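Asks: Encoded as structure tokens, here's the structure I'll be asking about.
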Amino acid sequence: MKQKTTTFKSGFVSIIGRPNVGKSTLLNRVIGQKIAIMSDKPQTTRNKVQGVLTRDDAQLVFMDTPGIHKPKHRLGDFMMKVAKNTLREVDLILYVVEADAKFGPGEQYIIERLQETKTPVFLLINKIDKVSPEELLKVIDLYKDRYPFAEIIPISALEGNNVPTLVEQIVEHMEEGPQYYPADQVTDHPERFIIAELIREKVLHLTKEEIPHSVAVVIEQIKKRDNGKVYVGATVIVERSSQKGIIIGKHGAMLKEVGQLARSDIEALLGSSVYLELWVKVQKDWRNRPSQLKDYGFNENEY
């Protein structure tokens, strides 16, 4: 009879990559719950969301960092600081690239950042369904020549292909360590943060190109009512009056749809019925104002 191992492994893992390569999709696939905002627009991940995967033999704490890019405003500066700080404090880096994307200056910039750290790096080639096996081999060779990756693993974060293999490889790479979080905890962010992110995800998804990333969501109140329902009051912050009009929509239709979709996710998160009330407020140029960035939850000292 095979003796069960008593060794428990743990460690911190950072997920990095250019904007919109599937980092949040991967994190949510690994954890099994929606905790990192997903959108088809770049720069949707702003704060360093932590996802925690606990098994009988290991605990992995994942960091989902903003896409690495050249900052264009103070919010961009904040996002880049978060990404760079994360690389210094983890045991393993997962660098996600798209199988069908060309290697350009953005990829070169990230590899140069990786060369500044001694942390082991796994290269994850995502969206493998979009290329042929021959094309995939060319992508592997291309990256092999540029950096000594500890592992190169082709995956499909959306479909889940090869993700279990990836998790096993990560655990194998970790050293013996303590359990940092309770077994039933999947993130260290408070519920208010996750609820705000779920609402923001719906705004970005429904408004498509009309609303850029000048959107923040502030949770004003969360309160359990006598009837058992949870009341959530939230304000969507935009930079221009025209954006406010788009989010509210004709006769309030857009805001209503945002609310319905967000409420469904919030109910799944909280495990109870939710009454969601939304307001929209204009705060001009908030992304360049440090005091407002702090008010809306972007505090670089915490990261």
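Just so you know, glycine gets a Cβ as well, placed from its N, Cα and C.
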Asks: Which one of these stretches, 64-67, 116-119, 224-227, 288-291, shows up in Swiss-Prot as region 'G3'?
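Replies: Going through 64-67, 116-119, 224-227, 288-291 one by one, Swiss-Prot gives region 'G3' for 64-67.
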Asks: Which one of these stretches, 17-24, 185-192, shows up in Swiss-Prot as region 'G1'?
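Replies: The listed stretch tagged region 'G1' in Swiss-Prot is 17-24.
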Asks: Quick check on the annotations: Swiss-Prot lists region 'G2' for one of 43-47, 298-302. Which range is it?
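Replies: Based on what Swiss-Prot states, region 'G2' spans 43-47.
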Asks: When you measure from the Cβ of ILE128 (GTP binding site), which residues in the chain that are at least 6 apart have a Cβ under 8 Å away?
Replies: ALA99, LEU136, PRO154, ILE155, SER156, ASN161, ASN162
Asks: Per DSSP, how many helix, strand and coil residues does the region 'G4' (126-129) have?
Replies: 2 helix, 1 strand, 1 coil
Asks: Let's check the environment of LYS23 (GTP binding site): how many other CB atoms sit within 10 Å of its CB?
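Replies: Taking all protein chains shown, LYS23 (GTP binding site) has 29 Cβ neighbours within 10 Å.
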Asks: Would you mind checking how many other C-beta atoms are within 10 angstroms of the C-beta on GLY17 (GTP binding site)?
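Replies: Excluding its own Cβ, GLY17 (GTP binding site) sees 24 Cβ atoms within 10 Å.
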